[in-house]
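Listed features, source TrEMBL:
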COMPBIAS  119-154  compositional bias 'Pro residues'
DOMAIN    11-112  domain 'Phytocyanin'
REGION    111-160  region 'Disordered'
Amino acid sequence: MMIIIGVCNGEVYKVGESSGWTNIAPLHYKSWAASKNFHVGDIILFEYNKQFHNVVRVTHKNFNACNSISPYATWATSNDSFTVTRPGHFYFICSFPGHCQSGQKVDIRVPKEHEHGPTPGPLPSGPSPKSPPKSGPSPRSPSAPGPSSVPPMQSPTSGGSCLPSWKLWVLVVAVGLSAAF
C-alpha cells in the first residue's frame with residue numbers, strides 16, 4: 001500500500017520583495033506581478049507595518065476604483081498570507097487613504113492551466129507536431145486512468161503546483177490498483 005503525503009508544492013511570493021507591501025518607495029506592483037508565474041497552491045505573502053497599511057481583497061471593479069467597500073476579505077496583522085486555491089484574478093489593495101491611488105494595489109493572475117483534466121482535448125489549432133503519444137489506461141484497470149495520464153507534481157523550484165483533490169484521488173486509486181495486481 002502506498003501513502004501520499006504533501007499534496008501541494010506551492011511557491012511563496014512576497015509582494016514587493018524586500019520592500020514588502022508599502023506605498024513609500026515607488027514600487028510597481030503591476031510589473032512585479034506580471035513577472036511572476038503564479039499557480040494554484042502558491043502563497044501570496046504581504047508583509048507591512050500594520051500602523052500604516054492593510055490588505056483588502058476586492059472585486060475587479062473595486063480594484064480599478066480603489067474602493068474597499070464590500071471586500072471579500074481584509075487583513076491587518078502585518079504578516080498576512082493568501083493561498084491561491086483556484087485559477088483567476090485576485091485583486092488586493094491597501095485601504096488607507098491615498099495608498100491605492102498611489103499604486104499600492106496588485107492583481108495576482110493565476111492561469112487556468114490547472115483546471116484541465118488528466119487527458120486534455122486537442123488544441124484548437126490542431127495537434128502539435130511534437131506532441132507525445134497518449135497512453136491509455138492499464139489493461140488491468142479499465143475503469144481507472146493510468147498513472148501516465150495524471151500530470152506530475154512540480155517541485156517548488158519549478159513554480160509550484162497543487163493537484164486538485166480529484167486528481168489526487170485518481171492517482172491514489174491508480175497506484176492502489178496497480179499495487180493490488
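We count from 1, first residue shown onward.
Glycine residues also receive a Cβ, built from the backbone N, Cα and C atoms like all the rest.
The average per-residue pLDDT of the prediction over the domain 'Phytocyanin' (11-112) is 95, rounded to a whole number. Counting residues of the domain 'Phytocyanin' (11-112) by DSSP class, helix then strand then coil, yields 16 helix, 32 strand, 54 coil.
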